[in-house]
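So the structure is just underneath, and the comments pick up after that.
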Amino acid sequence: MAHALGALASVSPSVAADASLRKTGFKINNNLSYNNKLWIPLSPVNLKSRFSSTKYRCKVVSMSVQQTVRSKIPVQPLELENAKEPPLNLYKPKEPYTATIVSVERLVGPNAPGETCHIVIDHGSNVPYWEGQSYGVIPPGENPKKPGSPQNVRLYSIASTRYGDSFDGKTTSLCVRRAVYYDAETGKEDPSKNGVCSNFLCDSKPGDKILLTGPSGKIMLLPEEDPNATHIMIATGTGVAPFRGYLRRMFMEAVPTYKFGGLAWLFLGVANSDSLLYDDEFTGYLKDYPDNFRYDKALSREQKNKSGGKMYVQDKIEEYSDEIFKLLDGGAHIYFCGLKGMMPGIQETLKRVAEERGESWDTKLSQLKKNKQWHVEVY
Ligand code: FAD
């Protein structure tokens with residue numbers, strides 16, 4: 001494949017002129033060649049609106065006729081690449097790290113129910129992490145249950161690679177859904193009961209300070225011993241966060257010590273097409289790495305399953321169950337991330353499929369767990 005490894009990505013004049021790109025700290029050269037196509041989604045700014053603008057659409061057309069495979073972004077390997085274990089709990093609730101918000105952008109379109117934001121945080125290389133870990137955030141204010149004490153820590157899955165969206169190891173990105181409370185009787189929003197931390201994050205502005213703990217978590221780390229392994233990722237909503245990190249590591253960054261040659265298969269469940277998260281990045285991988293990436297979406301309010309009901313991720317899993325079971329038998333890793341409520345339906349589907357195949361799901365599940373193929377992080 002035509003990856004221009006080791007070369008700085010060249011950008012078109014209008015993209016280079018985009019202040020948001022410079023804001024990320026991403027290095028650009030002044031060569032206006034179109035040979036190395038820039039990964040536009042690296043900018044944390046205007047992730048959704050940028051792709052729908054006429055200007056952007058024109059740009060894609062003019063560049064894609066020149067080259068079909070985008071260059072990977074070269075990164076200067078961090079020391080983290082040589083570590084045997086991930087960093088863990090470098091900052092604790094009593095002594096959190098004070099980081100700075102770089103940008104907050106709405107990720108979803110106007111017809112999405114609710115709001116999800118992409119938040120880039122500058123930690124100045126002081127809170128390093130591996131893909132699949134989480135940060136803790138301590139929102140400002142007093143803990144209502146313990147007057148005089150700070151708010152409790154809320155965890156957020158990290159949505160970037162260890163290099164961050166700035167590709168220099170100094171930033172972290174989070175994918176946060178604003179928790180809004182609707183009164184069950186009136187159906188009206190009650191702002192006094194809205195989620196504290198998610199609203200603080202989605203309302204924050206560049207330059208605001210934010211208290212971080214962590215990083216934490218080992219269950220969702222991306223196993224890298226075998227660069228040709230299969231990774232089946234099942235996400236609902238913001239559960240896509242760790243998978244965005246995995247996929248950028250696999251397909252966007254040129255990391256000298258990690259060259260992915262396996263299969264990554266993402267199942268993403270959201271309400272409708274306006275609710276899709278990072279769809280442009282994923283669609284880009286699909287075009288450039290068709291042998292290494294698969295991407296299936298379940299849009300519950302737009303698509304119907306085979307029984308005429310709403311299309312959920314478990315319906316997509318069922319559709320591809322033969323392949324999924326074969327891949328698991330061959331040692332594939334399977335990951336689940338998102339709301340807790342996703343798991344019962346998925347487990348039922350997997351159990352039913354196993355039984356139809358004459359297998360015991362309980363035995364299979366304990367085998368998958370024993371082999372460290374089964375990774376679940378739901379909240
Ligand atoms: P809180 O203030 O903690 O409130 C919680 C809920 O209670 C809200 O829905 C709120 O509206 C409701 N509520 C408040 N007051 C009342 C009341 N009086 N009566 C009834 N209901 C009330 N979230 C993400 O968006 N993205 C992620 O990537 C992510 N990753 C996570 C990873 C892990 C490992 C875990 C454990 C959780 C993760 N979460 C993630 C969830 C996140 O930690 C928070 O739980 C979430 O953002 C809500 O926190 P909050 O402070 O906004 O809401």
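Heads up, the Cβ atoms here are built off N, Cα and C, so glycines get one too.
Per TrEMBL, domain 'FAD-binding FR-type' is recorded for 94-222. Each residue of the domain 'FAD-binding FR-type' (94-222) gets a DSSP state, and the totals for helix, strand and coil are 11 helix, 52 strand, 66 coil.
Secondary structure at Glu377 (NADP(+) binding site), taken from DSSP and collapsed to helix, strand or coil, is strand. The NADP(+) binding site annotation in TrEMBL covers Ser157, Arg177, Thr238, Ser300, Arg301, Lys310, Gly338, Leu339, Glu377.
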Of Ser157, Thr238, Gly338, binding-site residues neighbouring ligand 1, Cβ under 6 A: Ser157, Thr238
Same chain, 6+ residues apart, C-beta under 8 Å of the C-beta of Ser157 (NADP(+) binding site), given in sequence order: Gly132, Gln133, Ser134, Leu174, Cys175, Met220, Thr238, Gly239, Ala241, Pro242, Cys337, Glu377
All-chain count of other Cβ atoms within 10 Å of Glu377 (NADP(+) binding site): 18
DSSP-derived class (H/G/I helix, E/B strand, else coil) of Gly338 (NADP(+) binding site): strand
Cβ atoms near Arg301 (NADP(+) binding site) (within 10 Å, other residues, all chains): 15
Recorded NADP(+) site residues Ser157, Arg177, Thr238, Ser300, Arg301, Lys310, Gly338, Leu339, Glu377, farthest C-alpha pair in Å: 27
Residues satisfying Cβ distance under 8 Å from Gly338 (NADP(+) binding site), sequence separation of at least 6: Ile234, Ala235, Thr236, Gly237, Thr238, Gly239, Val240, Gly269, Val378, Tyr379
